[in-house]
Amino acid sequence: MGCGSSTDTGRLGAATPAPEAKPRDENLLVSIQENVSLDDLPDCISDLHHGMPGTIKHAAMRLLKISAVLNWPTIKVFEEVNKSECFSVPYSEVSGDIWNQTAVLSWRWNKSKPASMQPGFTPMSPTQFRELVEVLQRAQAIGMQYVWIDWSCVPQYSTSPMVEVMRSKVFYARARTMIIVPTFNQLPGDGVVRLLLVKAARSLKRRGAQSSICELAASTVNTILERELVAGREYFSRVWTLAERMARYGRKEQLRNWLTLDAWLGMIVDAMITSTEDKSASRIYAKLLGREAAELLDRILEPLAAAVRTASMLVSEGLEDSVAQLFEMAATMWQSDSVLAEAPTKSWLMTYMEETHQGIYQAWNEGDRVWAVYSYFCWNQVDQSSQQGLLEALKNLAQVAGAGRKSLVALAGKLNLTALLQVDEADEKLLNAVEEGQLEQVQELLEAGANPLIKRPDGSTSVHLAAAKGHAGIIPLLAKAGVGVNTKREGGATPLTVAAMNGHTEAIRALLAAGADKELGFTDKATPLYIAAEKGHVEALRALMQAGAQADVVINTGYTPLLIASLHGFAEVVRILLQAGVKKDRTLQDGANALYLAAEKRHMDTVKELLKARVSTEACLQSGATPLYIASQNGDVEMVEVLLGGGANKNAARKDKSNPLYIASERGHLAVVKALLEREADVHHKFQSGATPLFIAAQNGHTETVLALLEAGADKNFKIEGGDSTPLLTAAKGGHVGVVDALLAKGANKDVQMKDGSTPLLVAASLGHLPVVQSLLGGQAKTELMKEGGVTPLIVATDNGHVDIVKALLGVGASISSARQSDGYSPLHIACSKGFVEIVRDVLDKGAEKDAALKDGTTPLHLAASNGFLEVAQVLVRAGARKTATNSLGQKPIDVAKAGTGIAELLSRD
């Protein structure tokens, strides 16, 4: 029945309403035979009636009045049928006489059932309805009054259809006739198929003089051509229609009792055409037609495919005669006593359970493979809507058939019920045997019924385990046992991905041969080939490429196989990919290309392969950094030389104007600096701050780099634009005595002044860089140059307590008397105010005026006393400083002496 059935979408286009065709030859139409009573049917059929549970038997059923249906524009949904249009009583009350007046419809829906009821909707096409009406008119003419149609007689939206699902087979068994209405498709628009049918009809016509069946077949083919419609092949390949045909077992009906000849031959045409692309489309017809016709059909497919492919009959000479012969055999079968309905026996069920997952019969829902035949063998009702109910039904069928665990496991796998099966000891043994590569044990366990679809907690199937360990010989066994080769475990890895990850080339080939999807990868789009490239598995990569895997896939992060292999330095992988013609200059979002990634990670062999393939040396990050820049930054002189040899631009700068020479100078990478200078890199290039390579090298104390830059002609006295610092000034500030010496040796201006008057000597003295001060003094740097405020090197050294620097300055004759700030403070004033006793002694020894007063009369002794520096006061007193000197407020040193320091007692002594 059509319960749960759906739209059939075949290769041919769905039929549009066709114009009314002329009446067909009576010999081509459905022939309705006399009914067979229930008592005269085989036991396996009549037992369906007698074994029906009371709850199902006494439930009401509906039969439609043929007279009402003939007045409908199309069939109505159950919920829209009027009471006057049907006959509704419990099944148990429907007499044999009623069944003798009843037809049942076996058909394929032309449209899918909407999720919610839509007034006026019907799954039946106008063409299908005309076919149905034609047969119903013939039925009515011989006294038949009723018809059972699933769409109109089974609740579709108002309640559960389960009762009718269970017992509808009995309806098909007891009705006088079964009407088959397939879907209809338009004849292909290309001329080859039409021409083939014309030529086949012509061939049949020529044989017609010797064979009436040929005349009949020719007339039928011409009818198909006139109507421009062919019946859809799908009807006979569906499990529901299989179950409906089985209900007719024991009646010895012919195909002509079920459907018209043009429908039957149309199905053959559709199956042939579709099989040129999918050979499975004709499998059921090969089974129905018998061995001889099946072999002929198989021979037709290859030349037919060639004719369709080339749009020419000339490539398939004699094809029309073979097709005509097939039509003749099919027409003969249509009116012969061939066995069309199989008996629903235990032996049939056993065969069905073994074959149902092999693709002969199709189902919209995999569960239909069970429900379609279930009530032939079991009447107990289970929950049709749940997976557990489906498994229970499957177990019941297996028990009835006497099927072993192997058959149960296979069908459970097809129905996605594996997770619900109870795990057996053999199942765990199977996984262990697979992982250990025990081929014979795997075979034995599978034969014994071990579940090949069992999974490890992480979702790994037996094929994952075989792939991970490289057990290629086991993979075909597991695939044949129904284990999916494209199943993903947690994390998204497929068996092929796992094999690629581990570099198992033979396992990769075995998986591909078993149908593994070579492009199916992780959620980030990393495919098996990408993974092989990422891991550096050369042979695995080759195997996947030979199978046609995409070598230029881009994953979510933007990486390609070439980019990831370059990042990890897999030179051979890179070479193979480049030879395959992948896009060599593709970049990441930040702008890095394969050459940049390889250069950054110092993969020399990979860089050479990329340069050989002329990968761009100038591709850069968003910052502007090129492969040469990053190599220079890393101090990789060999990489720098190779890149320069490959044509890299030695002066290419980032957006911030840093270039290879600048960054190498900043980092002190002497060898890189020399390599770049040998290629005449711009020694005067400026960073965005205005700094040159020499300036930054001096600032960071890279003496040898400074020397190399000076030798290359760098400006030793360069001043930053908008600023006033020079290489010597910045070196002095940093305390880099080696750089200072190098610059002085090259004649750098030792007395250069900043805007505020600061000199290298003053800066070094201020920061306490004694070696720099000594070097500058040795170079005759001027000691008296002042910065703003009258500050000299001696003053800043004193102010910061740099005793050794003060000594050094005094040692070369730095003036004490002229060293006065604008506020009048001398070195002695400063030292006394800050308690620098040793500096006080040094400047006094050099003749500092011990009683020099500030504008307000404050003397050094005032400053020492007010700040509480007893030792300084003692030095001053011993030097003869006047204790009685007064400031503008008339205060003597004793008056301002800090309490508790002992200074007052010192000053009070005579």
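Numbering starts at 1 and runs along the chain as it is shown here.
Cβ atoms here come from the backbone N, Cα and C positions, even for glycine.
Taken verbatim from TrEMBL:
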- 1-23: region 'Disordered' (REGION)
- 104-244: domain 'Heterokaryon incompatibility' (DOMAIN)
- 458-490: repeat 'ANK' (REPEAT)
- 491-517: repeat 'ANK' (REPEAT)
- 524-556: repeat 'ANK' (REPEAT)
- 557-589: repeat 'ANK' (REPEAT)
- 623-655: repeat 'ANK' (REPEAT)
- 656-688: repeat 'ANK' (REPEAT)
- 689-721: repeat 'ANK' (REPEAT)
- 723-755: repeat 'ANK' (REPEAT)
- 756-788: repeat 'ANK' (REPEAT)
- 789-821: repeat 'ANK' (REPEAT)
- 823-855: repeat 'ANK' (REPEAT)
- 856-888: repeat 'ANK' (REPEAT)
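Long-range contacts of the repeat 'ANK' (656-688) within the same chain: residues 623-624, 626, 628-629, 631-633, 635-637, 640-641, 644, 650, 694, 696-697, 700-702, 704-705, 708-709, 712-715, 721, each at least 6 residues beyond the stretch ends and with a Cβ under 8 Å from a Cβ of the stretch. Remote same-chain residues near the repeat 'ANK' (689-721) are listed as 661-662, 664-670, 673-674, 677, 683, 727-728, 730-731, 733-736, 738-739, 741-743, 746-749, 752 (criterion: CB distance under 8 Å, separation of at least six residues from the stretch ends).
Broken down with DSSP, the domain 'Heterokaryon incompatibility' (104-244) shows 77 helix, 19 strand, 45 coil. Over the repeat 'ANK' (524-556) the predicted model carries a mean pLDDT of 97.
Within the chain, the repeat 'ANK' (823-855) has long-range Cβ neighbours (under 8 A, six or more residues past its boundaries) at 789, 794-795, 798-799, 801, 803, 806-807, 810, 816-817, 861, 863-864, 867, 869, 871-872, 875-876, 879-882, 885, 887.
For the repeat 'ANK' (723-755), same-chain residues at least 6 beyond its ends with a Cβ under 8 Å from one of its own Cβ atoms are 690, 694-695, 697-703, 706-707, 710, 716-717, 761, 763-764, 767, 769, 771-772, 775-776, 779-782, 785, 787. Through the fold, the repeat 'ANK' (557-589) approaches residues 524, 529-530, 532-534, 536, 538, 541-542, 545, 551, 595, 597-598, 601, 603, 605-606, 608-610, 613-616, 619 of its own chain, all at least 6 residues removed from its boundaries and within a Cβ separation under 8 Å.
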